[in-house]
Amino acid sequence: MHSRSTGAAPALPPFDYTVFGGTGDLALRKLLPALYLRDKAGQVADGSRIIGVSRSPLAPSDYRAKAEEAIREHVPADERDTALVARFLERLDYVPVDATSDNGWDELAERLNTPPPRSGGAVRIFYLATSPSLFGPVSDQLRAFGLATPESRVVLEKPIGRDLASAQEINDRVGAVFTEQQIYRIDHYLGKETVQNLLALRFGNSLFEPLWNANHIDHVQITVAETVGVEERGGYYDQSGALRDMVQNHLLQLVCLVGMECPISLAQESVRDEKLKVLRSLKAIGADEVGGCTVRGQYRAGAVAGGAVPGYLDEPGIPPGSGTETFVALKLEIDNWRWAGVPFYLRSGKRLPAKMSEIVIQFRPIRHSIFPQGAGELQANRLIVRLQPDESIRLHLMTKEPGPGGMRLRPAALNLSFAQTFGGRFPDAYERLLMDVVRGNSTLFMRRDEVEAAWQWAEPIIDGWMSRHEMPKPYIAGTWGPSQSIALIERDGRTWHDDEIPSAAF
Ligand code: BG6
């Protein structure tokens, strides 16, 4: 077994991370724990500061207490070290600021312009973990108060808008203050180890790429399943739904990494150029196609992991009779030379039976069989990239069943389990991405044209749904979505991947 180091890592320049929405769920659940873990790994230079900003009138000491609690709750026990947590908390500060008025901005400016010792030349980063409606106003204020310097960087959380026009408006407004090179649009799926591994799998091996096209691949499946419901985010989620929340960004980014041509290098613009081409090649699903190519679902009360859970309409913050989808399945096509005619089946939903994300590449069956009837059913090869949990790459093959009983075939799997092969802890996606901003590397962030191309494809689907005035199909929490999503793929003579061939079958 090789040991993988997530510990000591090269130190980066000192930074000032100002987190708008600093008391919000994302900051407490993801950003502060990720920054603590990078600090523990030795990547946070002395003199670095993390400044929480929100409207709440908290003292810096209150904010530190909140952060300490968040670390206790969201960092695994074996990664919590009392001395290191204390050192991290000392780097935290807090300023109450109202994004939509002038309140608090002078204090923030004073804080940022009064650097602590040893922080000379700190990289100045503004992380907008707020509602997208504040991206424009915050950017305007950063300029008005002289905080947006030519070297500073701004990180935008998804969603960037709710349709093409609102995305363009946000991009224009933020773009009036920051150049495109200063803007980091986060899609945390791109920071996941196994997602980055798609590049290694495809372009670091000679085995797959010659087969990676319509001649050899029958179809692709991408599933991103969650067991959670809408949690405390009902207000946001009900305005969004599964297509906007998951498909327009995370799933489409996965489609891009599976579908793109080999970039000329890993340089940020090369990779992003290739992803953009995939987005621009997506075949439009308009009002006439939504009925046949998409399924919307909404969960009803049921049971997940043995516990009863309420239906979507009974979740806090959901208006009665809401028609928002919590599940979506769809069939898309990439209209280009490599992929013409190869369907990509996507599904994502909340309150499904398991938290599980995977990509399935289904190869075509062999052209001619030499095996006698009775040798067993020949199953076409299948490559399964498990993104989470239990990260792995499995290749389903046909093999001869051992023994003297003649030629009997049986499917078996080659299984590369990342935990068994590399050991150690997998850093959370945010750890990687937050530090990429400090490094100034935007390869794993979305460029403006990517976000807008993704909306250009997603918007007609939403419009098509609205024009049909249909409610989402109900599904019981703890099941794999409405039966129509099974019909979506079975109509084409295919099935959603769910079998597990034991790798111990050899
Ligand atoms: C977020 C969505 O972007 O991704 C959430 O807004 C979703 O609704 C989350 O739960 C899923 O991320 P992960 O990393 O847990 O798969």
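Using N, Cα and C of the backbone, Cβ positions are placed for all residues, glycine too.
A TrEMBL annotation is a machine prediction, not a hand-curated record.
Per TrEMBL, domain 'Glucose-6-phosphate dehydrogenase NAD-binding' is recorded for 19-197.
Other C-beta atoms found within 10 angstroms of the C-beta of ARG55 (NADP(+) binding site) number 15, with every protein chain shown included. Here TrEMBL flags ARG55, LYS158 as NADP(+) binding site.
Sequence annotations record features per position, and here TrEMBL assigns substrate binding site to HIS188, LYS192, GLU226, ASP245, LYS350, LYS355. Close to LYS192 (substrate binding site) in the fold, though at least 6 residues off in sequence, lie LEU387, GLN388, ALA429, each with a CB less than 8 Å from its CB.
The domain 'Glucose-6-phosphate dehydrogenase C-terminal' annotation in TrEMBL covers 199-497.
TrEMBL lists HIS250 with the feature active site, proton acceptor. HIS250 (active site, proton acceptor): 21 other CB atoms within 10 A of its CB, across all protein chains. A helical conformation is recorded for HIS250 (active site, proton acceptor) in the three-state DSSP classification.
Site extent for substrate: the farthest pair of Cα atoms among HIS188, LYS192, GLU226, ASP245, LYS350, LYS355 sits 20 Å apart.
When the Cα of ARG55 (NADP(+) binding site) is compared against those of the recorded positions HIS188, GLU226, HIS250, LYS350, LYS355, the shortest separation belongs to HIS188.
When Cβ atoms from all protein chains are considered, those within 10 Å of LYS350 (substrate binding site) total 26, not counting its own. Cβ neighbours of GLU226 (substrate binding site) (same chain, under 8 Å, six or more residues apart in sequence): SER348, GLY349, LYS350, ARG351, LEU352, LYS355.
Shown in sequence order, PRO159, TYR237 are the residues of the chain, 6+ apart in sequence, with a C-beta less than 8 angstroms from the C-beta of ASP245 (substrate binding site).
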